[in-house]
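All remarks here apply to the structure that follows.
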Amino acid sequence: MENLRGSLLMVGAMLGFALEDMFMKRLTAELPVGQMMIVLGALGAAIFAVAALARGENPFTRRLFTGPVIWRSLSEFVATMFYISAIAFTPLAQASAIQQAAPLAVTLGAALFLKETVGWRRWLAIALGFTGVMIVIQPGTTGFSVLSLLSVISVIWISARDLITRRIGRGVTSLQLATWGFAAIVPAGPIMLWVLGDHLVAMSALHWAMIVGATLFGAAAYYMLIASVRIGEMSFITPFRYTRLIFAVAIGWVVFREPPGPATLIGGAVIVASGLYSIWREAVRRR
């Protein structure tokens, strides 16, 4: 029963993240990407800071101003800057398909930098997963767009963030990390405004409603993700993370009229299959 609850929470979290992406992509069609980052980061940081204070956790404690936390926030800063740009400038399904390689990239990083043991089968899964990424972005063909590299760069920094998180002491809570993870997005906004030559524009009531919706869906998804990990067995619930790709493809097709191409579908399937196999091998190893 706990695994069932955990898996439902994981699916709910992935739906929440997909809906957050939907709102952000819709907003970036009318608002500068940098402005989106400023508002989203500020609202998210405020929500998690209030949640931390409500639980008696100080979101401004000195423990948060240590090397690992600062580097994690920097990684969040870069990863979000590139991912929101990817959502804005590339099809949603393509950006989401590439993002599914993040767990494999984390496994690669853990083997290279944390000296964790990775068997040859999981190395093969990593290689196949990155082959799937190459299928999605289609380098060297007419279907290749340099903008697809935005999501690839985001995956690299998401993986760095997750690896650094493992080095942070248990005295730092998830809510405290989330507060500073969102706060780190705020300074990315002015940088993007400068890079793209954009300026702040007035936001309508509809814009505010959508950005609040994106923030609330993102915060709810983050909470459900944490709850699912704490309730169910990791080997059982982790595969349900890949439902995010299904939601992204559906939203991209229905809402944005972006039917996924063969490369996105085939490459995404290869990435997901590689990730599922890696999870299964890890479960076998732990037995």
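Backbone N, Cα and C atoms are what each Cβ position is placed from, and that goes for glycine too.
Curation plays no part in TrEMBL annotations; they are all automatic predictions.
What TrEMBL lists as domain 'EamA' is 5-137, 149-274. According to TrEMBL, the feature transmembrane segment maps to 36-54, 74-91, 97-114, 123-140, 146-165, 177-196, 208-227, 239-256, 262-280.
When Cβ distances are compared across the two stretches, the transmembrane segment (123-140) makes no contact with the transmembrane segment (36-54), since fewer than 3 pairs at least 6 residues apart fall below 8 angstroms.
Contact check: the transmembrane segment (208-227) against the transmembrane segment (74-91) gives fewer than three Cβ pairs closer than 8 Å, residues 6 or more apart, which falls short of the contact criterion. Scored by C-beta pairs under 8 angstroms, the transmembrane segment (177-196) has its highest count with 74-91, from the stretches 74-91, 97-114, 146-165. Within the chain carrying the transmembrane segment (36-54), a Cβ under 8 angstroms from the stretch's Cβ atoms is held by residues 24, 27-28, 80-81, 84, 173, 175-176, 178-186, 188-190, 192, 203, 211-212, 214-216, 218-219, all 6 or more beyond its ends. Sequence-distant contacts of the transmembrane segment (146-165) (same chain, at least 6 residues past either end, Cβ-Cβ under 8 Å): 68, 71-72, 75-76, 78-80, 82-83, 85-86, 89-90, 94-95, 98-99, 101-102, 105-106, 108-110, 113-114, 133, 136-138, 177, 181. Residues 7, 10-11, 14-15, 17-19, 21-22, 25-26, 91-93, 95-97, 99-100, 103, 228, 264-265, 268, 272, 275-276, 279 of the same chain, all 6+ positions outside the transmembrane segment (239-256), place their C-beta atoms under 8 angstroms from a C-beta of that stretch.
Mapped onto DSSP helix, strand and coil, the domain 'EamA' (149-274) counts 97 helix, 0 strand, 29 coil. Applying DSSP to the domain 'EamA' (5-137) sorts its residues as follows: 110 helix, 0 strand, 23 coil.
Here the domain 'EamA' (5-137) has a mean pLDDT of 91 out of 100.
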